[in-house]
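According to TrEMBL, the features are:
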- 355-401: compositional bias 'Acidic residues' (COMPBIAS)
- 20-121: domain 'Cytochrome oxidase subunit II transmembrane region profile' (DOMAIN)
- 131-244: domain 'Cytochrome oxidase subunit II copper A binding' (DOMAIN)
- 257-347: domain 'Cytochrome c' (DOMAIN)
- 348-401: region 'Disordered' (REGION)
- 41-67: transmembrane segment (TRANSMEM)
- 94-115: transmembrane segment (TRANSMEM)
Ligand code: HEC
Ligand SMILES: [Cu+2]
């Protein structure tokens, strides 16, 4: 009896634990708390398949218990052999047809979503017109992410900004090994391949906020540290951010003297790998808005101590195997302080992850941004039609060798 009560206790504890755990999951990270269309479609598929599985489980258990009770060996019937049924037409039809129906219930929406989740054709608005699309070229690298806004002359790393009123379309490729781009609260995963083919997906966020992204394909010793952020802001804020990012002058002298000295240190030791402004994709992240970052190198808490340690150690322990470890510089404590001060002063915009959740809905139809894109297309420059442009840039060609 004692054994039985303790078993009940154990089961009870497990059930309570399951209940508590099911309440877990953060809005910025959990696929079970979707904050965008893609993730909520995926969650509905999960719920559907769990419902089908529960149905099968319950039916099987009911029949099982019924059969055990009804046909168990009774006293005085030791030699009794029950009636043998073989080839029952009704039964065989039933257990063929029911699974087929169940599979169809699962398959139809699954196939439908498999296509719609990566359908990057333009959305049609209420007036029946095709919406202008924001395309971002995404490059995955060991162990960070680079983002180039097509036709907008905006480049950033680690943190991608999107407006909350529309889908943002991504064209992804890798410069080294296979990565996988995953923002659990917003969309499913998509592979990021080095072979020259670009995968495409869209993301959207219902409300302002910072959503965490992860690399979901093992890609080296710091794979688990290959984090990034999606910063969703209102359309007006997004427009402001794009304008601010476009106006960066990398030559501009910072306000403080220490930072000005740091600018010099940076130019002499770091510019071979890092870019400031809209210069193209380099070995290391673009630092144009490093002062606005939520994290250092995607994962470390943002403060000067961590930053100085990162620069001094080249992230050797903080992110093992990262490509900055090959840098040759050797800085004095003073120079470390200066360059850290400089990097933290790089804040071209008021629109930062910190105020992403202010819920100030600044209206804008973003049309200004797209006019610019069309101009670019007219000039026959890079704004050329996004998506299917395979390996269009120089960076692609040298990464494919
Ligand atoms: C050999 C190329 C190289 C050199 C030289 C280099 N870095 Fe880096 N740096 C990188 C790479 C690659 C990363 C990305 C590491 C990662 O996250 O995996 C990085 C990341 C960083 C980051 C984090 C960036 C972010 O967006 O969070 C900072 C800050 C940084 N480097 C500062 C410096 C400073 C300061 C110097 C010069 C004193 C410097 N780096 C020189 C390659 C380099
Ligand atoms: Cu990766």
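Think of each number as a place in line: the chain as shown, counted from 1.
Keep in mind that glycine also has a Cβ here, set from the backbone N, Cα and C atoms.
Each residue of the domain 'Cytochrome oxidase subunit II copper A binding' (131-244) gets a DSSP state, and the totals for helix, strand and coil are 13 helix, 55 strand, 46 coil. Distant neighbours of the transmembrane segment (41-67): 31-32, 34, 102, 105-106, 109-110, 113, 116-117, 187-188; these residues of the same chain sit at least 6 beyond its ends, with a Cβ under 8 Å from one of its Cβ atoms. Residues 41-42, 44-45, 48-49, 52, 55-56 of the same chain sit 6 or more residues outside the transmembrane segment (94-115) yet have a Cβ under 8 Å from a Cβ within it.
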